[in-house]
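Enquirer: In case it's useful when we look at the structure, here is the feature table from Swiss-Prot:
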DOMAIN    92-161  domain 'BTB'
DOMAIN    196-297  domain 'BACK'
REPEAT    341-389  repeat 'Kelch 1'
REPEAT    390-441  repeat 'Kelch 2'
REPEAT    442-488  repeat 'Kelch 3'
REPEAT    490-535  repeat 'Kelch 4'
REPEAT    537-587  repeat 'Kelch 5'
REPEAT    588-636  repeat 'Kelch 6'
Amino acid sequence: MPLKWKTSSPAIWKFPVPVLKTSRSTPLSPAYISLVEEEDQHMKLSLGSSEMGLSSHLQSSKAGTTRIFTSNTHSSVVLQGFDQLRLEGLLCDVTLMPGDTDDAFPVHRVMMASASDYFKAMFTGGMKEQDLMCIKLHGVSKVGLRKIIDFIYTAKLSLNMDNLQDTLEAASFLQILPVLDFCKVFLISGVTLDNCVEVGRIANTYNLTEVDKYVNSFVLKNFPALLSTGEFLKLPFERLAFVLSSNSLKHCTELELFKATCRWLRLEEPRMDFAAKLMKNIRFPLMTPQELINYVQTVDFMRTDNTCVNLLLEASNYQMMPYMQPVMQSDRTAIRSDTTHLVTLGGVLRQQLVVSKELRMYDEKAHEWKSLAPMDAPRYQHGIAVIGNFLYVVGGQSNYDTKGKTAVDTVFRFDPRYNKWMQVASLNEKRTFFHLSALKGYLYAVGGRNAAGELPTVECYNPRTNEWTYVAKMSEPHYGHAGTVYGGVMYISGGITHDTFQKELMCFDPDTDKWIQKAPMTTVRGLHCMCTVGERLYVIGGNHFRGTSDYDDVLSCEYYSPILDQWTPIAAMLRGQSDVGVAVFENKIYVVGGYSWNNRCMVEIVQKYDPDKDEWHKVFDLPESLGGIRACTLTVFPPEETTPSPSRESPLSAP
């Protein structure tokens, strides 16, 4: 069927071969030739005021200096000469005939062989056609053969929808790769809602991988609009299954996708054989119970096909156990988003020391912060961790208090699929200035402080039971420490014990419920951050005592090798940051906000460390200065609205 195209103008493609502007028979008069030597010993040949594209360079040898000249127009002259010989029927040594007519095309064997591996093998590989004067090319049409021959002799190709398929078929059969590339560009440039299905069919027929990928991308991006056209029902099973399984599919609810798939299945009876395979790509657990009962269970094959029945049972079980969902994740429960972002949460604002409840993500493409659903209550000095792309916020403080007397025990969980929060079981003890890690599907809250003082205790949260239980405590109480996980165990570094900054490193193994001492850091530090990249555990920033009542930023950084049990220094930070958020994004370390003791103020800076280059860079700023902020990475739906940046405030005195 003919394609509907968004332009009726033919595309003229030219191979990058220079065209000589003068007649081949016109001699170059010495009076008009000038050699211009440049400092780099390259030369240009000029004819009057027009450059002729000649160049030269010097080459030294034992025989003396040799000047080598190059003409950039020679290939064009030769090509024009061969084309003229073809048009005049001179020196042609073979005649090609298309498979659908008796038309004859006299050509030169050497030209065809130089442009096509197919013809090269035919004329030099001992095939019977090698000695034939007339060759019939079955499978190549008259239109296609003419286009191929014209291109070989002129380096130009004129394409429109009337000749595209013939040209594509001939180029594929005869292995004329530049023509195939032109056809790919032509197809991609003209894809619309009306012809995307047919373009995809052509791409599959001729194995045009780039075109097929583009059609997939186009259909994904425009799927909601495609659903309102008749073209949707013409999609082949493979492409529809790909679209339904993709995390890049946006702006469609799972119920809309289910209804559309049912329409596609019911168009033709044989399609019902694909019902179970397609339904595996619908994310039934993300539907509401009402949608499942009113719209899904009423469809006959969803009640009779065993696979479909199991899909409904899976959805029902998932929805009945909301606390367990982070450890029940599968392809059918994942968010339909293909973008992971740096996310920040809470913190205390420099202005009036107000605690924030904002949850934000940084849009790397738009270079701006965007707001997600805020917490019900503000938080700083809290712990955050991610299990199954669910964000947990644990403990911390709702009011500004440097002594931890207003610590809380509440725990909330953010679901990016719905941009909503829910409360889960509270800690056994209120705690702030502590560390939280996610390890093997559990949460571990380590140390900290509250109104009763410093804490050595460690609690473990089990999403399967929605309970916190105590595990082995630390040998000494710690607060302001940092932690990370590697190799199935948790590492805790530094912090403050009995008002003394530490440099120790401890390792907790959840399988044995024991703490093990490791090689200490080279520098004491607290309120720092820690993260894992590859097989290295990085310790960054923080502060320590300068005297009895004052503090200094710690700019030095180092990493720990669990395999060698040793520390190695790395490049120092550009600016001091304590009590920060830290996240690893695309193998780079982002240190977010915090407090600078040297400058006596909260900071809005975000610094990035590249482990491969051992370099620090300031990359962007927070919307406002925030201390006690936390950060992570999360796969989310980027919202449309941006976060406004408030005016800068003057630094406050140190807390």
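Cβ coordinates come from backbone N, Cα and C, glycine included.
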Enquirer: So what's the average pLDDT for the repeat 'Kelch 2' (390-441)?
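Expert: In the predicted model, the repeat 'Kelch 2' (390-441) has a mean pLDDT of 97.
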Enquirer: Going by DSSP assignments with H, G and I as helix and E and B as strand, what are the residue counts for the domain 'BTB' (92-161)?
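Expert: Helix/strand/coil tally for the domain 'BTB' (92-161): 32 helix, 16 strand, 22 coil.
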Enquirer: Helix, strand, coil residue numbers for the repeat 'Kelch 5' (537-587) per DSSP?
Expert: 0 helix, 26 strand, 25 coil
